[in-house]
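Some notes on the structure that comes next.
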Amino acid sequence: MVPQAHGLLLLCFLLQLQGPLGTAVFITQEEAHGVLHRQRRANSLLEELWPGSLERECNEEQCSFEEAREIFKSPERTKQFWIVYSDGDQCASNPCQNGGTCQDHLKSYVCFCLLDFEGRNCEKSKNEQLICANENGDCDQYCRDHVGTKRTCSCHEDYTLQPDEVSCKPKVEYPCGRIPVVEKRNSSSRQGRIVGGNVCPKGECPWQAVLKINGLLLCGAVLLDARWIVTAAHCFDNIRYWGNITVVMGEHDFSEKDGDEQVRRVTQVIMPDKYIRGKINHDIALLRLHRPVTFTDYVVPLCLPEKSFSENTLARIRFSRVSGWGQLLDRGATALELMSIEVPRLMTQDCLEHAKHSSNTPKITENMFCAGYMDGTKDACKGDSGGPHATHYHGTWYLTGVVSWGEGCAAIGHIGVYTRVSQYIDWLVRHMDSKLQVGVFRLPLL
């Protein structure tokens, strides 16, 4: 009897486990997913308890970023691994040349080059790229190429080459080509575009000189040194007695004296022996002052550049500054305040083409260049002759031209012609060191 009771109880228990009659044999998709989903991959319950294995988690099977982070612990190491794991190693082909080191990035790479190389793949030699024809060799001022070695930089005598071997720092209180009043207020000099131009604020054209005869305006000029100025040779074409000529530095407004002016007499006038009166070829003159001027915030020389620097670098700069007190309009009144204008330099071919179609334009030679606006809105004018055409480069201004000739003030379709100073740099330097006495001299260019 007892065994039968036990069997009956067992049967009831099994029926209870099966559930009520009519229960469905299959479960829903959501329930099945809940049963089958595994939070972590492992071959056994014990493996879930083991520390993460790179071989097991990511090499044998595809792993997620979260799983990789559990393995590496460090976010930085995880990121480095994941870039290669998910995208492939962009450095595998060794793209960096000349000993460069490759760093893999997502779908890209970066090469860290050795000191003498540059470029995306370190393919460019700096010694080959750093030549004076390429952006002046990155030099602040003067650049010189050397066969077999990289270029070297140097500076004007008023400056010192810095340890970086490219920068030039002033070594005197008033170096040439700098504008003290602008630097002291730490602002940019106005870049206005003498006809249609702007007043040059006091002190912002500190190299501007003015030649006067018997107290009247004769020509403009430019200070190169404490004792020397440059102007146009044609300014003396009709002067019988040059002893009446004075030079004024620090002048700004003809209608008033403010105490910053310095007046000097002229003791020497030196012209090229090939200059012919009434012609404009070789239109340049060097004047010696009877005693040096004193450099101040309002009297500073303009830098006379090296010839190669002027021809290869400065000549490529489109806009330069011209200044003077010339007539504001053709046959009009002379300006009382110093005026300045930014003029574009014209291509030599355009200049020659213009001269070909103009009966008034002189024959353009290699000793000249043209600048100005063909619409006639802005131009140098009579009275500006001899004034500076100054070009700015890396914080310093240089003398690139001397105002020589123009067809009236801002005549439509006409341009200004300037003496190309680079043709006379050697001549100027040579005679600034001369021991000539008082007088007018015509000296050979060679």
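First residue shown is number 1, and so on along the chain.
For all residues, glycine too, the Cβ spot is worked out from N, Cα and C.
Predicted, not measured: the structure shown is a model, and the values here were computed from it.
Among the candidates CYS91, CYS113, the disulfide partner that Swiss-Prot records for CYS102 is CYS91. Of the cysteines listed (CYS96, CYS122), Swiss-Prot assigns CYS122 as the disulfide partner of CYS113.
Looking at CYS132 (disulfide bond) and CYS111 (disulfide bond), their Cα atoms lie 26 Å from each other.
Closest to GLU76 (4-carboxyglutamate) by Cα-Cα distance, out of the recorded positions GLU66, CYS102, CYS139, CYS153, HIS234, is GLU66.
For the domain 'EGF-like 1' (87-123), DSSP puts the residue distribution at 1 helix, 12 strand, 24 coil. A coil conformation is recorded for CYS200 (disulfide bond) in the three-state DSSP classification, outside any helix or strand.
The most densely surrounded of the disulfide-bonded residues CYS111, CYS370 is CYS370 (count of other Cβ atoms within 10 A of its Cβ).
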